[in-house]
């Protein structure tokens, strides 16, 4: 019988030398010198090797933790301004991963989680800060939109789906996922509709806050290995969310009025009160920097939820000068990205200073912050990017203020020193 198993003569059945299955029981049988191995055994060996690599890799990842100064320097490379927020984030993130490295309590002192709440206007860099931190630490990162979340059992996305997305980002490696960062955007949109608890269910407001509580604080979430609930017999993955850093962000429109109302209570009215002039009035950013937990409760976040986000950082509204810097200075600046695209066609792209200022001015007037810069630049260069692959001899394209304002098309410079306005201007 043993001779038959390894006999490759025609008419004889071949068997896997490892599991003993015949060639008819498996999809593929791979031959070696006097031995055979089936596809199932190969897959099993791969799984064993992958598991061993998983056990080793987290230890390697944890060897060197960047200091707050190093984290801040990395943020400076990609994010313009927001100095205070960068410092707060760098310290909070450093403390979080220091806590993970020293997980055994010393003298019975257990370190709490330092989840973060970012408050700032649209396009001020909240998402970019969180994403850049995850990249600098080489940890998995995922984003969720709070407005799409609902309580379990209601139509919408369950909060547990956030962990599912994080697992997908690291190929369902639970150890890696547990060291990841989750950014939940539009968190202000799940504030409850009034200060008074309602007898009706608020499934997309307070209900979601309640559902997020345990996840953010730390619980063991059961997640299906490949998503969905189609296979009840599948063994669920157990993910400890106490090791995951949660960063929540929102614009919190109108919060400054709540803060001002609190600040002005007891400031005096009548003839003896001091009247503040226009110059004495704080900007929205300055007012938001004075936020207190009570203000967030009045805004509509429940006290328990605020308690799970002990680190609060406020971001300032970007001015025109900051937007000009964002366009050209960061490592991943928009102008550098479009330069790279044009270089692939053998064309140099030049943005003149007046063009950068005009783009920034347009973004300011649209009130979109840095988020609106890409759509403006894309609109300016669309026709040129459409035409250049079909035009021979172009070596340079120049964008100035008139191009941004729609008065002319980018200037194209040819190899023979001929200058011509790009198509679109007759």
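Just so it is clear, glycine is given a Cβ too, placed from its N, Cα and C backbone atoms.
Marked as domain 'ClpX-type ZB' by Swiss-Prot: 4-57.
DSSP gives residue 41 (Zn(2+) binding site) a helix state. Taken from Swiss-Prot, the feature Zn(2+) binding site applies to 16, 19, 38, 41.
All protein chains included, residue 128 (ATP binding site) registers 20 other Cβ atoms within 10 Å of its own Cβ. Secondary structure from DSSP puts residue 128 (ATP binding site) in a helix. The ATP binding site annotation in Swiss-Prot covers 121, 122, 123, 124, 125, 126, 127, 128.
Within the set of binding-site residues 16, 19, 38, the entry lying nearest in space to residue 123 (ATP binding site) is 38 (CA atoms). Ranked by CA distance from residue 19 (Zn(2+) binding site), the binding-site residues 121, 125, 126, 128 have 128 at the top as the closest. Sequence-ordered, the extra residues of this chain that approach the Zn(2+) site, with Cβ no more than 8 Å from the Cβ center of 16, 19, 38, 41, are 17, 18, 20, 21, 26, 29, 36, 37, 39, 40, 42.
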